[in-house]
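> Feature table excerpt (TrEMBL):
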BINDING   58, 59, 60, 61, 62, 63, 64, 65, 112, 168, 169, 170, 171  GTP binding site
BINDING   65, 89  Mg(2+) binding site
């Protein structure tokens, strides 16, 4: 199965610059599609058929960067080492994942600092799948996580978007499991007609070269969801 890393955009000099870069990226992609189809197909329809956008959010320290980096790694690739350190994302990162058959999945990971979270809505447009990463071992910020989840659910731009909640850091002592995270976030109260919600437990095994099975499962779910949209 030929998973591949297609592109990487890193913006760490300010979120405002990141938002501008995002807008420029969207404009460039639409122009590219427009040039490719020579005016015979609607650009929005062409874009929808070729690419899906996954938005990855979560508080700072939830493990988003590590998860995303491992999700897009090729199976068997040995470039993840025990001393690899992933710095918190200040702006946003964009990586792409494809298995050669499904639409390309563009993964947008946005920084989780309090000063950055107010810019999250700037990235909601055209989101196909929302991934929210939770540090399941940190009980001190649960109220903030709940507040952010409720805010996301209340935004019309994310209406009907499937939500994948990742109860991360399962390797840490005291980490809440998927059922407990679901209860803490009151996810069962979300109407199924509004959002399809799935909670998965994840861990990234930073001490080994291997990608944990839970991360491979997230990759599988993302590709499956994108292929059925």
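Even glycines carry a Cβ here, placed using N, Cα and C.
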> Of all the binding-site residues given, 62, 65, which has the fewest Cβ neighbours within 10 Å once its own Cβ is left out?
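It is 65 that, of the binding-site residues 62, 65, has the fewest other Cβ atoms within 10 Å.
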> So if I draw a 10 Å sphere around the Cβ of residue 171 (GTP binding site), how many other Cβ atoms end up inside it?
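Around the Cβ of residue 171 (GTP binding site), 15 other Cβ atoms lie within 10 Å.
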> Taking the Cβ of residue 64 (GTP binding site) as the centre, count every other Cβ atom within 10 Å, in any protein chain shown.
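For residue 64 (GTP binding site), the count of other Cβ atoms within 10 Å is 27.
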